[in-house]
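**Student:** The structure follows.
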């Protein structure tokens, strides 16, 4: 039995219940996730989300956070008061000093906050980058009863997430401060996800900002190959970007220290580039999959090629028949080396342009993409057959204009299995003209002619399914384990300071979820709410959440447990293939739990770390005007 973080309530909002709503009653400290209708002081109230026994109708909080779930409906009639009652006073208090098992003190993070070159304050009043490590949150992963009929939960896992030199006495330099995510936290519940996607492999020929690293590994491969009886490789071949982190280390990858091999680097890695000899993140994923299978859970593994920083050569590769053959053969080779993988994920950002600066692009990218997928499908089927079939997935933009250049309907017709819709980064500081939601499911009610400023996941899904005819079960809806922030935000005009110091964890404008939970959003005291001067708010125009602090106009668009659960419910209702996150190493389990519950999975009461029910509340309601509405004035 897990020591469960128990709230003051006794029934989870997510629990299955036959009771949809209660008949009108006198207020009497009702508690739970059901819909209650009560009379208090001559008025009728209903709860809009989880309600605690100590929340008194009509009494709000002083800081603007929605601590009180009761919403005024109407005046009670004299007949109702006579028959039901009319309490007018209350003498209840919240449980005080609730234990705080989500947050954990991490001395390295605290020391970093106080460094003169960092000078971070949790209210956003000083330095904007926190360099918060994942260690500030305890693992909060619940166990859920398996159900093969429900949509799947996936997550990308990055091969740089494990690093944090502060664990070894470093941290004086910015590049030494890392996330320090430990894969061992998932070892405690290997059934958290249905698929994990190892990210990223690079492509020989890369010309982007990672080109030197790609070239180093490429040269190292070719230097080792002759002595191992292997052919040398050329442009188009996929390579690991971090041989030591992928194959050699035991730190933060769920492996015992003795399994590490510090000699592994670009010039020595090739003998270890296989499933049975790998340590590093690849070895950790191997062991995680074994643990999942041992407990009866099928954990699929995929490997992703490209991503934002490694997509520079896709266009040239896809256009060249010889390099396509090299690429396809190298993907087959990776599957042979690592048979634990069942899927290859192509993350080309983006066909037709719009990716990182310096990326090659062409008007023919869409048609060449089809050739690449077609040839890859043919080679995989020829080598592995049906019984050991390997899937092909892509990560694609959530922006309709970019989707149109990817020829996705033809990709599906030529063998594409899954589409991971990157329904995040709709907003971001510097590139966005206005503050907005970065990972919202729904568009504003009337986006009008300015819809490019108010994007949404649903609009992208509508294009894929209704315009291109993509089957819903091939689409996986993305949620973000990080926020997008701005400073100097004005909620009326949606203006912000474009080049200002926006709050972030490791980079400007990108606070990660564990950092958000530590510094800006309270998830520990019965409800999701803001803290340290931040207010959790819900835009009723798009049904999306954000955090806002008036002190400096700090704005953080984010997915909360409520919005992630909402995405899971949408996926289940519309029979999508599932939901996924970028990235699993930015979450402590709260958002993964919310996704599971939204998809319809039921928590195992004997292995439930946290009751998620109270965390599904909306924030303080506000109506953010669409850009069309603002411009029409």
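Glycine is no exception: its Cβ is also placed from the backbone N, Cα and C atoms.
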**Student:** So Swiss-Prot lists 275, 276, 306, 307, 308, 309, 422, 423, 424, 425, 582 for chitin; which of 350, 496, 520 goes with them?
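**Tutor:** Looking at 350, 496, 520, the one Swiss-Prot places in the chitin site next to 275, 276, 306, 307, 308, 309, 422, 423, 424, 425, 582 is 350.
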**Student:** Of 275, 423, 425, which binding-site residues come within 10 Å of residue 349 (active site, proton donor), going by C-alpha to C-alpha distance?
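**Tutor:** Near residue 349 (active site, proton donor) by Cα: none of them.
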**Student:** Quick one: give me the count of other CB atoms within 10 A of the CB of residue 308 (chitin binding site).
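**Tutor:** There are 15 such Cβ atoms around residue 308 (chitin binding site).
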**Student:** Tell me, what is the mean pLDDT of the domain 'GH18' (151-602)?
**Tutor:** 97
**Student:** Quick check: in three-state DSSP terms, what is residue 275 (chitin binding site)?
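**Tutor:** DSSP call for residue 275 (chitin binding site): coil, neither helix nor strand.
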**Student:** Can you check which residues sit near residue 423 (chitin binding site), meaning Cβ under 8 Å from its Cβ, same chain, 6 or more apart in sequence, and list them in order?
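**Tutor:** 398, 439, 441, 456, 457, 460, 477, 478, 479 - these are the non-local Cβ neighbours of residue 423 (chitin binding site), listed in sequence order.
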